[in-house]
Amino acid sequence: MDIFFGQTLTQRILFIILLLLILIVPFDEAGNDYIGQAIAQLLLLGGWIFWAIQTLRRGKVTFVFDRIDGWILAGLLWCLVSLSRSEYKYATVLELIKIFSYVAVFYLGRALFPFRQARMAILLTILASSVIQAIVGWGLFLTHHTQFLQADLVNANIYSCFLLFGVNIAFSILLFGSQHLSETPRRMTFLLIGLSSVFLCFLVFTLFAQNESRSAFISLIATGLFLTAFRSKRLMFGFLAIGIVLIFLPFSEGSVFQRLQKRNDPYAYERVSIWKSDVKMVRDHPIFGVGLGMFEAWAKRYNFPVEHAIARYGKNINEAHSDLLQIAAETGITGVGIVLGGLVLLFWRGWRALRFGVRDWPIMATLSAIIGVLVQGLFANLLLYPAIPIILIILATLLTEHANLYRQKTLTFRASWRWYLLLGLIGGYILIWPIGYPLLGHVHYLRSAEAMQRKDRATALKELDRALEYIPIHANYHYDEALMFLEFFQRGHDPVIFSQAEQAFQRAIQANSVEYIYHESLGLLYQEQFYALRPHPKSMALKALNSFQNAIKRNPFNTFIYFTTALLYGDINEYERAAKFLQQAISLEPNFIAAHQLLSKCYEKLGRNADAETALRHANELREQYRAYTPQSHYEYTLLRPLSE
């Protein structure tokens, strides 16, 4: 199969870049780590520069116009609106860089129109990437005894999504590969079907062995029914019957159905509560959302109790557990409308292709893979990890090209040296700002973290300063610097170091005022200064209390901030307020032993002896109840630790 079919050198280079993105990016935490992102961005930038140079040399450019361009433009403009309203610009900028990278992937694919046989090569490369991930997962599982089969793809949902890419493509080849033998040599077709059968069995076996993603099984059933329904109804019912048997078939560790129930995980059935919290966030920010990249910071205000757990608020929501709700929360209903509009256009074209076109395996594989991601994405976050959106965008490009509804227009021009100069300036700007500075800043940040592990604090501070030179608006860098100064201050109570720590915390808050922990840590600095000075200045205590209350506004379900606030109120003899905050802490976490004990002491100071005895009795009952219990997390350990320890 000649995948280049007489294409130009530029198209061959762009095609190779497309294949490299499919194969390389998944291996660095699904493209979510800085190395994977840098590789993807450099490949895209290099491809764009090479295409631009060749275009300038030819003096001719062909533009491709499609209705999908309008939805893409609307999405980009709405992202810029989100940036203008974001309370943490750098987090939104990072998301924008990813989104612009995905758009670049789409238009890189557009430069290859028409695809012809390259469509098959792209799909087979995605299948190969899926098989490679399965092999790597098994290798790590067998050699390093990793807990789960997931290669380097962050979590089970992302890993299973990659397996499903391969499953859908292999299943499409198996069902539809032999229908159009005239397009491909017969021997190659049967070889492809045979290999696909082997890969399909291997990937499905890996998926069942991994068995950690319930959303993946829903997606597998949905895409399997989709593919078999278009082959024959008898095959569809047969697939459904086999699926039910496999799910309930007893294995040594229990059936797939039993293992998917996750009875040992107290948080396994809280996804509905998470979705309710997501909906509340959307309801509170319906038009613009909370801002791109800001979900995790805002989610702490929408936490929920797990009533049957020892630590009711021991888990924080760090993602929406649904791509649709994540988009709605971050970009509002408008953002969701733009995304759904683009998807409706794509699926209308897919339906048109199935109804009026030839149902060959490439179109069936493309549609089933897209459906698989979207179905699984209803119950999990997949689009947060760049490797998934990149492949999804490539599949959307294949579908757009297959519809053949685009228009082309060729323009000729004479390129002067000014055009090359402009190209160099734009390329240099992109290389330095969106790619180079974040990469270099992160490298120095990692060096700082390594120095901290070696207890080399001077080097750590120096490397952190270097990181801030590249990214001065990175709130976490300022926060880590402030924590170093806080540690130095706790050792010697030097007023100069106190001032440096205070300024660093304030810079972090200025960069990202939503993050509660910055306010809480600033309060701890003021609290440390309050205890260090003689006599204890009440003004410093009030500064600390103000910071703690700012933290509570941003994380109203963190019981420990209420406890710390109550402790400081007690130290300035305001026992009524201290008791109020302790009552709030206990209402959040009834098993908070130290809070019951401290509340008893507050009641004693207020002369409420009966209430003091009741609070102390509750504390003693909890100590006795959990005496033999081993805490499963630091959060639980802190809850169950008595005040005297």
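A Cβ is built for glycine as well, from the same backbone N, Cα and C atoms used for every other residue.
Curation plays no part in TrEMBL annotations; they are all automatic predictions.
Quantities reported herein were computed from a predicted structural model and do not represent experimental measurements.
Now, the feature entries from TrEMBL:
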- 200-338: domain 'O-antigen ligase-related' (DOMAIN)
- 559-592: repeat 'TPR' (REPEAT)
- 12-28: transmembrane segment (TRANSMEM)
- 34-53: transmembrane segment (TRANSMEM)
- 65-84: transmembrane segment (TRANSMEM)
- 90-109: transmembrane segment (TRANSMEM)
- 121-141: transmembrane segment (TRANSMEM)
- 156-176: transmembrane segment (TRANSMEM)
- 214-230: transmembrane segment (TRANSMEM)
- 237-257: transmembrane segment (TRANSMEM)
- 324-348: transmembrane segment (TRANSMEM)
- 360-379: transmembrane segment (TRANSMEM)
- 385-405: transmembrane segment (TRANSMEM)
- 417-440: transmembrane segment (TRANSMEM)
Chain residues outside the transmembrane segment (417-440) and at least six past its termini with a C-beta under 8 angstroms from it: 34, 38, 41-42, 45, 48-49, 52-53, 56, 94, 97, 100, 470-471
Touch test for the transmembrane segment (156-176) and the transmembrane segment (34-53), at least 3 Cβ pairs under 8 Å: no
Beyond the flanks of the repeat 'TPR' (559-592) by at least 6 residues, Cβ under 8 Å: 305, 310-313, 516, 520, 523-524, 527, 530, 536, 538, 541, 544-545, 548-549, 551-552, 598-599, 601-603, 605-606, 622, 626, 638-640
Positions whose Cβ lies under 8 angstroms from the transmembrane segment (12-28), at least six residues beyond its ends: 3-4, 35-37, 39-40, 43-44, 46-47, 50-51, 105, 108-109, 111-112, 118, 121-122, 125-126, 128-129, 132-133, 136, 151-153, 162, 386-387, 390-391, 394
Proximity verdict for the transmembrane segment (121-141) and the transmembrane segment (385-405), three or more C-beta pairs under 8 Å: yes
Helix, strand and coil totals (DSSP H, G, I; E, B; other) for the domain 'O-antigen ligase-related' (200-338): 89 helix, 0 strand, 50 coil
Close approaches to the transmembrane segment (324-348) from elsewhere in its chain (Cβ under 8 angstroms; 6 or more beyond its ends): 67-68, 71-72, 74-75, 78-79, 82, 275, 278-279, 281-282, 285-295, 298, 370, 374, 377-378, 381, 383-384, 396, 399-400
Same-chain residue ranges lying at least 6 outside the transmembrane segment (214-230) that approach it to Cβ under 8 Å: 156-157, 160-161, 163-164, 167-168, 171-172, 175, 207, 236, 238-240, 243, 247, 256, 260, 354, 359, 364, 367-369, 371-373, 375-376, 378-380
Per Cβ pairs under 8 Å, the stretch of 65-84, 360-379, 385-405 packing most closely against the transmembrane segment (34-53): 385-405
Leading contact stretch, 65-84, 90-109, 360-379 vs the transmembrane segment (385-405) - CB distance under 8 Å: 90-109
Same-chain residues near the transmembrane segment (90-109), Cβ under 8 Å, at least 6 residues beyond its ends: 14, 17-18, 21, 37, 40-41, 44, 47-48, 72, 75-76, 79-80, 82-83, 291-294, 297, 386, 389-390, 393-394, 396-398, 401, 434, 438, 471, 473-475, 511-512
DSSP-assigned states of the repeat 'TPR' (559-592) in counts, ordered helix, strand, coil: 27 helix, 0 strand, 7 coil
